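The structure appears right after this line, and notes come after that.
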Amino acid sequence: MANKIPRVPVREQDPKVRAANFDEVCYGYNMEEASLEATRCLGCKKPRCVEACPVSVRIPDFIRCIVEGDIAAAAKTIAQDSLLPSVCGRVCPQETQCEGACILGVKGEPVAIGKLERFVGDWGREHRLTLAEPAPRNGHKVAVIGSGPAGLACAADLAKLGYEVTVFEVLHRPGGVLQYGIPEFRLPKKEVVEPEVENVRRLGVKIETDVVVGRTLTIDQLMDEEGFEAVFIGSGAGLPRFMGIPGENLNGVVSANEFLTRTNLMHAYDQQYDTPIYTGDRVVVVGGGNVAMDAVRTARRLGAESSIVYRRSEAELPARREEVHHAKEEGIDFRMLTNPVEVLGDERGWVTGVRCVRMELGEPDASGRRSPVEIPGSEFDMPCDVVIMALGTSPNPLIAATTPGLEVNRRGCLEASPDGATTREGVFAGGDAVTGAATVILAMGAGRKAAAAIDNYIQSKA
Amino acid sequence: MFQILKKTQLAPAIYLMEVEAPRVAHAAQPGQFLIVIVDEKGERIPLTICDYDAGKGTVTIVIQAIGASTMRIAALEEGDRFADFVGPLGHPSEFIHYSPEKLASTKFLFVAGGLGAAPVYPQVKWLAEHGVRSDVIIGAKNESLVLLEDEFRALTPNVHIATDDGSKGYKGLVTNLLKELVAVQGRRFDLVVAIGPMIMMKFVALTTKELDIPTIVSLNTLMVDGTGMCGACRVTVGGKTRFACVEGPEFDAHQVDFDEAMRRQGMYRTIEERKRAIEAERAAGHKCNIGL
Ligand SMILES: Cc1cc2nc3c(=O)[nH]c(=O)nc-3n(C[C@H](O)[C@H](O)[C@H](O)COP(=O)(O)OP(=O)(O)OC[C@H]3O[C@@H](n4cnc5c(N)ncnc54)[C@H](O)[C@@H]3O)c2cc1C
Ligand SMILES: Cc1cc2nc3c(=O)[nH]c(=O)nc-3n(C[C@H](O)[C@H](O)[C@H](O)COP(=O)(O)OP(=O)(O)OC[C@H]3O[C@@H](n4cnc5c(N)ncnc54)[C@H](O)[C@@H]3O)c2cc1C
Ligand code: SF4
Ligand code: SF4
Ligand code: FES
């Protein structure tokens, strides 16, 4: 029986070594390992894994191709549903999606769907597999705002349908969070992100960086002066939240976005680059999501003793399980059920520590989660030089504020129908800008749905 | 794109550059800034938009070489290109939304300290184009650092100079000249716009608070993205945290916590000093042995 084989372990960099470098942690499967792991899949008739994947990747089908040794066919199978297998294979929260539902997981270990997807994606790139050709132009122009997964996916699908697409990106490098947020050691930029962006360019998509929509150009100008018939907004959710506690503006308190942007986008960890970064000797990161894990592991790599402070318990950590596991291996100190109440500083205004209280889990709230409550009198101080706030982000209000007729909800997210139509005719949106901070695969899926809706919209007018 | 078409030296270590950037030139308004990256390894450096010409598609910047990055920018020559040049960023000055009546009845006084002349210039120019002659105080350490005097005089007759050492115009601080204009000469001002070093803005704010004149300052905080994504630029205004890059850079001077703003500006000072020392070593042709 195929399922008697244990899940094939994946080779990883030694934790002691990797805690001091920015090279990728996980090496991924080679052909042999992938073939063996692929044989574990039962090829279910009603595959639960597919139902649990937000874009319904044909999982048993692509895995069968691996078993048969036809990796190109596997790549083509995945490509029907996902445009970024090398990325999603690395960053999807598989344990709550595809792998979380795999039938093998009921009694043992689920099939390593993510690792297999990554293997196929990487193989395709290394073998220069072309999955789509530029289509003949259909004479219609569409503008895409933001070059994150939502924008790239939308642009790629439209280009395949023959649209002339221009992506406008405010930063100097395309990729959105894949470029500025998720660190090199989890998602290599030169090897993975840049080739994915290049693939989109190869379809004829133009990417114009250094353009702030809402300031350099408005959506009205794009439509009225530059001849774009429809616009897709994939501007993400980049606005960082702070706690509003005393001492938060001391020198040494930064948002995770700032810390990660300095290291990833600006390469501050590399002395060849000009952008500075400050970690001191001890860093405390507040939060428990992927962003917090990325920040704390980055701080560790920059040489600081690093801790996570999170107000719920370990079971509630929203980060991918693999990241929590890797962080622990790298020597990150986890302080669960702990909440900062004040950042402490010296007379010069620099951080010296964080005052925290201990929490306990109270009654379940409306969402069914047990909400943490403070234990009175449990204050204690954690000495540190840097505090990184990783408390979540919300959409940047700039585009909504400069586009008449575009409505947002009370969380600042753009109002949009399931296919991405906003309250403004011809303007579509998707990804984090609509949902608030979510995942790469959801953003990509939303971009693709909107591309189909934009095609419908333009064809119905023509 | 982003080619330097013209470069002139205005003062020691201060240069003016006219840069080809049609989209920025088309959208720019007084009060806004931009971010430049000198080359692939460069950092994102915020600079004021000093002038813009939508017709020619050019933007003028003024740069003072004070650190590693600004020195590298200052070393660029005509014909060279910036890797990146993004903007305009931030809100335009509020007065561009005034009604014509309000514009005509408002008496403006601009206080430009040192490099502050660069952001003040497009504001005075915009007002001149709308029929308003403002007063301008240009403050500098000494005569050689008085910037854009002729340019200002072409826009308004009311240009006052103050130098610390008295080598030109009034001898003393801009705040004293400001007091003199109001208290001794009996001039009335409805709005003061002060732009320059943080310390100067702080003292202008204290002075105008005493004189009860509403005052605007433009905050040159540290910045990374300039789009509201990182919070490096946060300042406390009226007790609330604000992001200077998207909610500013101009704020009500009487609400700004200048002491905090000055402290936050120095966040990377020691790192920057070390970097500068390394650059200097490199420039001198030594092998870097400072130890990273
Ligand atoms: C540190 C970090 C780690 C994460 N880890 C994971 C993970 O492991 N797994 C996972 O699935 N998800 C993860 N996420 C979430 C995931 O990255 C996002 O949900 C996803 O990137 C959203 O895609 P998007 O295209 O909607 O937006 P983004 O990726 O945010 O892209 C938006 C782009 O639009 C640009 N933009 C914004 N405003 C403008 C404007 N006015 N004009 C022009 N351009 C503009 C931005 O610069 C940006 O490049 C992580 C997020 C972060 C921050
Ligand atoms: C909205 C805005 C507009 C600006 N306009 C101009 C302009 O038109 N022309 C110009 O030359 N500069 C301007 N600046 C300042 C400019 O961005 C800084 O001088 C530059 O980032 C310093 O980089 P550096 O590597 O050369 O110096 P660094 O080595 O980083 O710094 C040198 C010294 O200057 C201090 N410093 C660092 N950043 C700033 C800052 N933002 N403001 C003041 N002091 C700082 C440091 O603490 C250090 O002591 C502006 C800044 C902002 C935020
Ligand atoms: S896209 Fe993500 S959720 Fe879907 S199969 Fe691939 S790894 Fe699993
Ligand atoms: S549920 Fe598991 S075993 Fe079944 S098809 Fe999906 S991956 Fe294969
Ligand atoms: S500079 Fe990053 S938010 Fe203002």
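Placement of Cβ uses the backbone N, Cα and C atoms for every residue, glycine included.
Note that this is a predicted model, so its numbers are computed, not measured.
Feature annotations, courtesy of TrEMBL:
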DOMAIN    B:1-95  domain 'FAD-binding FR-type'
BINDING   B:Val62, B:Ile63, B:Gln64  FAD binding site
BINDING   B:Cys230, B:Cys233, B:Cys245  [2Fe-2S] cluster binding site
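In sequence order, B:Leu10, B:Ile14, B:Tyr15, B:Leu16, B:Leu47, B:Ile61, B:Ala65, B:Thr70, B:Ala74, B:Leu115, B:Ala118 are the residues of the same chain, not among B:Val62, B:Ile63, B:Gln64, whose CB sits within 8 A of the CB centroid for the FAD site.
Among the binding-site residues B:Ile63, B:Cys230, B:Cys233, B:Cys245, the residues whose Cβ sits under 6 Å from any atom of ligand 5 are B:Cys230, B:Cys233, B:Cys245.
B:Ile63 (FAD binding site) and B:Cys245 ([2Fe-2S] cluster binding site) have their C-alpha atoms 19 Å apart, to the nearest angstrom. Checked against B:Val62 (FAD binding site) by C-alpha proximity, the binding-site residues B:Cys230, B:Cys233, B:Cys245 yield B:Cys245 as the nearest.
DSSP classifies B:Cys245 ([2Fe-2S] cluster binding site) as helix under the three-state reduction.
Under 8 angstroms separates the C-beta of B:Cys230 from a C-beta of chain A, among the binding-site residues B:Gln64, B:Cys230, B:Cys245.
For B:Cys245 ([2Fe-2S] cluster binding site), the same-chain residues lying six or more positions away in sequence with a CB closer than 8 A to its CB are B:Pro46, B:Leu89, B:Gly90, B:Thr221, B:Met223, B:Asp225, B:Gly226, B:Thr227, B:Gly228, B:Cys233. Residues near B:Gln64 (FAD binding site) in space but far in sequence (CB under 8 A, at least 6 apart, same chain), listed by position: B:Ala13, B:Ile14, B:Thr70, B:Ala74, B:Gly114, B:Leu115. When DSSP labels each residue, the domain 'FAD-binding FR-type' (B:1-95) comes out as 15 helix, 42 strand, 38 coil, counted as helix, strand and coil in that order.
A sphere of 10 angstroms centred on the C-beta of B:Cys233 ([2Fe-2S] cluster binding site) encloses 27 other C-beta atoms.
Sequence-distant neighbours of B:Cys230 ([2Fe-2S] cluster binding site) (same chain, six or more apart, CB under 8 Å from its CB) are B:Val224, listed in sequence order. Same-chain residues that are not part of B:Cys230, B:Cys233, B:Cys245 yet have a Cβ within 8 Å of the Cβ center of the [2Fe-2S] cluster site turn out to be B:Thr221, B:Leu222, B:Met223, B:Val224, B:Asp225, B:Gly226, B:Thr227, B:Gly228, B:Met229, B:Gly231, B:Ala232, B:Arg234, B:Phe243, B:Ala244, B:Val246. Mean pLDDT, taken over the domain 'FAD-binding FR-type' (B:1-95), works out to 93 on the 0 to 100 scale.
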